[in-house]
Structure formats: C-alpha cells, structure tokens
C-alpha cells in the first residue's frame, strides 16, 4: 500500500545517553521524543543501544577491569516487557510519532543489541536484534534469531527499516531491505572514535569517519532511501564514567559530531557539529526516490533473480522444543513472548508527561496506521 503521508519532518538524535543509568536513559529518551513531537516530526530516530549507552569501554579495557562495568551495564539494560519500555511507548503515543529506539535488551540472562519501531499509537511494529555482535561486542551481547532480524515495515509514512552499526554495510541485509521496498532507513550507530585515534594495526573502518561519510551514504545510494544515521556523543563526565581506575582518560571531543542524514541519491542533507547535542531535522519527500530508483532499483528492475538470489530463513530455532496439540513442534514469536505486543493502558491526558493537554487529547483520538 502506498504511503498516505509522503512529505513530513523527521529527526535524528545526537545526544549523550544516560551511561549505566536506566532511569536517566528513559527520561532522556522521553525528553527527545517530546522535543521531536513539539517540532512537528512524524519520525524520530535514536542511535544504537542508546539505552543505557554503548559499551565502548569494552574495546579499551581488559577482562578484570570490565567486570564491574559489565555488571552495572547488565543491571541497567532494558527489558522489553517493563514499565520503562511502556513509558517510552506512551511517549510515542502522546506525541503521535514513530520512534526508532536502539537499546540493550535484557531477555532472561542474555543481552541483545535491539531496536524497536514504535507507532504513533504506541504499538511495536518491529522488534529486531543485531544478527551478529561485532568483535568484542560478542563478550557483552548474544546473536539475534530468525524472527528478530527483518526490519522493513509498511507505515503511513512509507516503508521504514532499521539496522545497527556494521549491519549497514552487510550486503545481504541491504539486499533484503531493498527487496522489500524500503523508503526510509534508520542506520543506528554507537559512539565511535575519530580516525586520529587509530593505531597502525587497527583498520580504518573501525573509526567514525568511514562509517559516517562512506557507509551511511553508500546505503542511501544503493537502496535509494532516506538514511537517518544518528550517533551518540559523550562528555568529559561521560568519559570518566566509562573509564575504570588506572586507565587513561581520552579526549571526549575525539568521539563526537558523527551524526548525518542523507537523501535517496546519497547527498548529505544534515551534518552534526562535534559539540551539537539535540535533534537533526530533515524534510522527507518520498517522491524524491523516484529518479534514483528509475536508474537503479536493486530490489526490482536492476537485479537478476534468475542469476542471483538470497535465501532468508525467518524461523526461530528453539533451544528446547515441545510438541504442539497436532503432534508438530511448538514455537513462539519472540516479540510476543517478550511482551512487546502487550497493549498499553488507555491514554492519560492529565499526567505530567511534558505534552500539553490539548495535544494529548488530539493525539489520543488518532487511529493506528500499521499500513
């Protein structure tokens, strides 16, 4: 179904997360959702594991130094079926806005690099997990499964997709997304050091510069999508929180100013300064993708499925299975199991949400648009 709204305002968040502090992280999330709502945005995009911040310290410390930080990080990760997540969903509903949220999800005793796309009525339209954590991230997070890696969702503002970090350079994930007609893409990025910090053996790709200025626009060019590419930022105080005793403090400025927004032909439409903290805006016009798609639609006329095809397996592989009533193998949907399909309570119009009563009353009357 074609998008009902083709022209609208969207925002990408470049801000400092609430390091090791779930409650602070949630308050910051709701603040930026409210700010995007006040600005008239239909969509707001947060960075990778915005809650409770990216564990960049895992790249800097040894095993013993990491243990107290890892414990605190796990204690402040976000459970999907929690009051904290419901507050975020309610903020999306109060502002009648789509929210792409990156968070460290704790499910039983495993963490995942997760994203949700929340609708303007607070429903979770997409729940996905990074399919393979990168290098030392494997010491913190587990892998996504078959039913948690697809991302493109039809909405009334277009077909919206989301990926985390180096997933945005994964040719197979890009092929899958473009084949589903993606129009707006959220490339969630963590906090990343500038190339000046690179040591001789460290690949250049492991710095912010190529990811901000090559990977993200390449995604836009190859898929002819708008790409919102939010990064986290960090302050001197944040560096102190993320650095254990005995480890040299780094200059926080070497990690900031990496957020970008690109148009469907790869042009940079918005670029953040190092000291900028706030929302980057873009005026999206879905019709701007017509000519880039006319020249090269890799999910349509510019591909040869008779020669090259991608096999996608969206089945969840169970650790323990049980027979169902028909004698087959029982299964479940992860999004349902973790409580993200649980409906919210009725909208409130008299609470201290930060949104005016008039706006709350108006937004509460709006119908869901799942597409």
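Glycine is no exception: its Cβ is also placed from the backbone N, Cα and C atoms.
Computed from a predicted structure; not experimentally measured.
Features of the protein shown, as given by Swiss-Prot:
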ACT_SITE  48  active site, proton acceptor
ACT_SITE  130  active site
ACT_SITE  165  active site, nucleophile
DOMAIN    8-286  domain 'CN hydrolase'
REGION    326-356  region 'Disordered'
Mean per-residue pLDDT computed across the domain 'CN hydrolase' (8-286): 97
Cα separation, residue 48 (active site, proton acceptor) to the residue listed as 'active site, nucleophile' (Å, whole number): 7
For the residue listed as 'active site, nucleophile', the three-state class that DSSP assigns: helix
Active-site residues: 48, 130 - member with fewest neighbouring CB atoms within 10 Å: 130
